[in-house]
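Taken verbatim from TrEMBL:
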{"type": "REGION", "residues": "21-41", "note": "region 'Disordered'"}
{"type": "BINDING", "residues": "87-93, 115-117, ARG380, 406-408, 490-492", "note": "GTP binding site"}
{"type": "ACT_SITE", "residues": "ASP88", "note": "active site, proton acceptor"}
{"type": "BINDING", "residues": "ASP88, GLY115", "note": "Mg(2+) binding site"}
{"type": "ACT_SITE", "residues": "HIS116", "note": "active site, proton donor"}
{"type": "ACT_SITE", "residues": "LYS216", "note": "active site"}
{"type": "BINDING", "residues": "THR374, THR375, THR376, GLY377, ARG378, PRO379, ARG380", "note": "substrate binding site"}
Amino acid sequence: MTAASLALDLANPVALRRVSSHGSGRSWGGRHGPSSLRLPKGLRCPRRAPARVLVPAAAVTAVQEVGAVDRIASLSQVAAVLGTQWGDEGKGKLVDILARNFDVVARCQGGANAGHTIYNAEGKKFALHLVPSGILNEETLCIIGNGAVVHLPGLFQEIDGLESNGVSCEGRILVSDRAHLLFDFHQVVDGLREAELGNSLIGTTKRGIGPCYSSKVIRNGIRVCDLRHMDTFVQKLDTLMRDAAFRFEGFKYNVDMLNKEVDRYKKFAERLDPFISDTVHVINESILQKKSILVEGGQATMLDIDFGTYPFVTSSSPSAGGICTGLGIAPRCLGDIIGVVKAYTTRVGSGPFPTEILGKSGDVLRVAGMEFGTTTGRPRRCGWLDIVALKYCCQINGFSSLNLTKLDVLSELSEIKLGISYRQKNDGEKVESFPADLYLMEQTQVDYEVLPGWQCDISSIRNYKDLPPMAHRYVERIEELVGVPIHYIGVGPGRDAIIFK
C-alpha cells in the first residue's frame with residue numbers, strides 16, 4: 001500500500017474509518033472480538049492494546065497521515081495525558097484526538113474546576129468540565145474515577161447539553177461509587193474562605209473543589225455510593241453542613257435547608273443510579289481484557305497539592321501519581337504519559353509566575369491566544385515558556401513525549417524568549433531546581449534565551465517539514481533543553497490543526 005492510497009482511505013471528511021490493507025500485515029482483536037483488520041507493513045500495533053487505529057477525519061497529506069497512524073498506534077495499552085504548567089494547556093483536544101483509538105477514557109482527579117474545550121467534526125465547540133473529553137467519540141466509554149469530586153447538578157447540566165447537541169451519553173458514562181459528592185454549600189464555603197483570606201486569596205474557581213476535598217480528608221465527606229442509602233444520607237449531610245456552619249459565620253444553616261437538599265438529592269440519586277459503578281473493577285477488568293485506556297488529567301503539575309506552587313494550587317494530584325490513586329490502576333500498568341505544554345505559559349489566579357509578561361506585551365499574547373478561562377472566563381496571566389518549571393514537571397511525571405500547543409499564537413512575534421534558568425537576585429547564584437520556598441521564588445530572576453520569530457501564519461500547516469525554519473528551531477530547542485521529544489504540535493483550535501512529528 002502506498003502512502004497516497006493510505007491517505008485516500010484515511011482522509012474521509014464525513015466519518016472516521018479503520019485503516020485497512022490488502023497487503024500483508026498484523027491483525028488483532030478489537031473491542032467486540034477478533035478482527036480481520038491488518039496493518040500495512042511498517043506500522044506497529046499498540047503494545048498490549050486493541051488496534052482500532054483511527055486518525056483525524058480532516059483531509060491532510062499522505063505523509064502526515066502515515067505519521068499520525070504510526071505515532072498513535074505505538075501508544076501503550078494504558079496511556080495518559082497530563083498538564084505540565086498551571087492548567088489550560090489544551091489537554092482536551094489531544095484526548096479527543098487520541099480517544100478514537102482507545103476503548104476507555106477516564107478522569108482521575110479534580111472536578112468541575114477543569115475546563116477542556118474541544119470541537120467536533122463540524123467545528124462545533126464543546127466546553128467540558130467533568131465529563132471526559134472522549135465523549136465525542138461514539139465507541140468510547142467515559143469514566144469519572146474515585147479521585148474526582150462530583151457536583152451532580154453540574155454533571156447533569158453537562159450531560160443534558162451534550163444530549164441536546166446530538167451526543168449520546170446513555171450507557172457511555174460511568175461514575176465511581178467511591179467518588180466524593182460536591183454539594184452547593186461547598187461552593188458557598190469556597191467563596192467564604194477566599195473572602196476570609198483577603199489579599200492573600202488563592203484565586204480559586206470557587207467551584208467548591210477545595211472544601212469538598214477537605215471533607216474527604218477529614219473523613220466526613222459523602223460518597224456516590226451513599227446515595228443508595230438515603231436513610232443514613234440525611235444524617236451524614238446534616239453533620240457535614242453543621243460542620244460548615246460552625247466553621248464559617250457567613251454560612252447560614254437550618255433544617256429547612258437540609259430538607260430541601262435531601263429532597264433534591266433523592267431525585268439526583270434516581271437519575272444517577274444507571275451511571276454508578278465500581279470503576280476500579282471496571283478498569284482493571286478492561287486491562288485484563290486487553291482493552292486500551294486513556295487517562296485524562298485535569299489541571300496540571302504546577303497546581304499539584306504536593307509539587308505545585310503551594311498554597312496557590314488545586315486540592316488534588318494532577319501529576320502521574322494521581323492516576324494510580326484516582327483510578328485504582330497499579331503503577332506497573334502505566335505506559336506512555338504525554339505531557340501537554342503550551343508554547344508559552346499562562347496561569348489563572350494568584351501565585352508565583354517567574355516568566356510572566358506584564359503590561360501591553362502580556363496583553364498581546366492574551367488576545368492572540370484568547371486566554372480567558374473556560375471555567376470562569378477570567379483573563380489568564382501570560383508569560384514566556386518556563387523551561388525550569390517544564391523540566392521539573394518532566395522529572396516528576398516521566399513523560400514519554402510532549403504535546404506543544406498553540407505554537408501558532410507566537411507567529412506574529414519578531415523574537416521569542418525561553419526562560420532557561422533561575423538565579424538569585426542578591427548574589428547571582430544559580431538556582432538548581434524549581435524552589436518549594438515562595439520566599440526564595442520571589443528572590444529569583446530568570447535567565448532568558450532569545451530566539452528569532454518566524455512571523456508568518458502556520459495555522460494551515462499539517463506537516464512538520466513545512467514549518468518555517470525558525471519554528472523548527474524553537475521546537476527543537478525545547479526538546480534539547482528538557483530532554484523529552486515533542487510528538488504533537490498544535491497550530492490552531494480545530495481537531496485537524498495538529499502536526500504529528
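Backbone N, Cα and C atoms are what each Cβ position is placed from, and that goes for glycine too.
Ranking the recorded positions LYS93, HIS116, LYS216 by how many other Cβ atoms lie within 10 angstroms of each Cβ puts LYS216 at the bottom. Restricting the recorded positions GLY115, HIS116, LYS216, GLY377, ARG378, ARG380 to those with a CA within 10 Å of the CA of LYS93 (GTP binding site) leaves HIS116, listed by sequence position. Within 10 Å of ARG380 (substrate binding site), judged by CA to CA distance, lie the following recorded positions from the set ASP88, GLY115, HIS116, THR117, LEU407, VAL491: ASP88.
When the binding-site residues GLY90, GLY115, GLY377, PRO379 are compared by the number of other C-beta atoms lying within 10 angstroms of their own C-beta, GLY377 comes out lowest. For ARG378 (substrate binding site), the same-chain residues lying six or more positions away in sequence with a CB closer than 8 A to its CB are VAL348, GLY349, PHE372. Around GLY87 (GTP binding site), the same-chain residues six or more apart in sequence whose CB sits under 8 Å from its CB are ALA114, GLY298, GLN299, ALA300, LEU303, PRO318, ARG347, VAL348, listed in sequence order. THR117 (GTP binding site) has ASP88 nearby among the recorded positions ASP88, LYS216, GLY377, PRO379, counting only those with a Cα within 10 angstroms of its own Cα. Ranking the recorded positions ASP88, THR117, ARG380, LEU407, VAL491 by the number of CB atoms within 10 A of their own CB puts ASP88 at the top. Checked against PRO379 (substrate binding site) by C-alpha proximity, the recorded positions GLY90, GLY115, LYS216 yield GLY115 as the nearest. In sequence order, the recorded positions near VAL491 (GTP binding site) (Cα within 10 Å of its Cα) amount to none of ASP88, GLY115, HIS116, LYS216, GLY377. Here the candidates are the recorded positions ASP88, GLY115, LYS216, GLY377. The one whose C-alpha lies nearest to that of LEU407 (GTP binding site) is ASP88.
Spatially, by CA atoms, the recorded positions GLY90, GLY115, LYS216 include one closest to GLY377 (substrate binding site), and that is GLY115.
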